[in-house]
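Shown next, in structure tokens, is the structure this report addresses.
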Amino acid sequence: MNALAATIKNFKLASRLLGLDSKLEKSLLIPFREIKVECSIPKDDGTLATYVGFRVQHDNARGPMKGGIRYHPEVEPDEVNALAQLMTWKTAVANIPYGGAKGGIGCDPAELSISELERLTRVFTQKIHDLIGVQIDVPAPDMGTGPQTMAWILDEYSKFHGHSPAVVTGKPIDLGGSLGRDAATGRGVLFATEALLNEHGKSISGQRFVIQGFGNVGSWAAQLISEKGGKIVAVSDITGGIKNCKGLDIPSLLKHSREHRRIKGFHGGDPIDPKSILVEDCDVLVPAALGGVINRENASEIKAKFIVEAANHPTDPEADEILKKKGVVILPDIFANSGGVTVSYFEWVQNIQGFMWDEEKVNNELKTYMTQGFKDVKDMCKTHDCDLRMGAFTLAVNRVARATVLRGWEA
């Protein structure tokens, strides 16, 4: 089952638990707006190249729409739709005043020079500048984009609308980016994991962790969990996996990863097949890479007692059922990895106020939001007698539905 089908399935289950009106349910599924634009630029060699840019704006009942812009050669419309919808539910679970959006350009950023990427980003911004905005839709980085991309969007947008640092988040610090944003998703994973383990009478310290994926989220989660006393026994990235039953030396592994841009070749543990990482013996499994990695083929072999979904949609619905029968507790992605969008919200708030926070305040506020978020999800689980995934979805759908009805959706 793909990400869109799984998201719609969870939405419909939540909608049934909440007893939503069928017309309202249908209205909440349909995107607010889908934008598709042609972006033609001169390449460095003088030839003309044309790319397709797009933006799916899903819902704005609770506030401006929010979501990443990705540059990737294979942009699947269904997946973008699913991710835009997922952002609506994610921002609602986190209780931040946004709806969901997603977009990007169908291109391979590795094949474009810096100047070509800048031209492409500026043309895209010119085409959509009147459809995004501080109180309309606030883009952020995603796959193939980063702080520099956001800086170009900010500059181009500001030519039309005046200086508007709050139009994008994930900016460089020098242009109004927030301290703590780089570590935010990984730090959110730490706070979410702490809340989950506390609920079960445990703490991070002494628990054995396996982390699949060692990009931004996985590496920050590894660093922060190990600093709290968690024992990280295995990690993997696309180049390979490494295992040490006594616990990996995470500072050394981070140093190796920064220097070599991969974890393969690290000598502080035994190399393992990255495909077997998910079934390694541990207490807490943290998938922090791609979607769909936990499926019906490997779910029955998973030994972890807890799964914290740091990636988007890492667990297929079939695997969900198998793991539920085994008694594995899954902390769903729409809550577990919401630290990034929460600190993006803090960045937006700081830009609007024109008053920047220090990193300690950012981290303390994030902990407050993540801790309260977990309590809110648990309350929904008790009300509807459901697991954490459905607790998070009912919480999100209920908040969006209430906002939609209060605003007079039938008028």
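Cβ from N, Cα, C; glycine included.
Among the features that TrEMBL reports, substrate binding site is placed at K66, K90, S344.
The Cβ of K102 (active site, proton donor) lies under 8 Å from the Cβ of R55, V56, H58, G67, G68, R70, V80, N81, L83, A84, M87, D142, each of which sits 6+ residues away along the same chain. Per TrEMBL, active site, proton donor is recorded for K102.
When Cβ atoms from all protein chains are considered, those within 10 Å of D142 (site 'Important for catalysis') total 19, not counting its own. Positions annotated as site 'Important for catalysis' by TrEMBL: D142.
Annotation comment: TrEMBL describes T185, N216 as NAD(+) binding site.
Within 8 Å of the centroid defined by the CB atoms of K66, K90, S344, the record's substrate site, lie the Cβ atoms of G67, M87, T91, A94, I96, Y98, G100, A140, S338, G340, V341, T342, Y345, excluding the listed residues themselves.
Long-range C-beta contacts of K90 (substrate binding site), restricted to its own chain and to partners at least six residues apart, with a cutoff below 8 Å, comprise G100, D333, I334, F335, N337, S338, V341, A396. Rounded to the nearest whole angstrom, the C-alpha distance between K66 (substrate binding site) and T185 (NAD(+) binding site) is 16. Other C-beta atoms found within 10 angstroms of the C-beta of N216 (NAD(+) binding site) number 15, with every protein chain shown included. Considering only the binding-site residues T185, S344, the Cβ with the fewest other Cβ atoms within 10 Å is that of T185. You'll find the Cα of T185 (NAD(+) binding site) roughly 10 Å from the Cα of S344 (substrate binding site).
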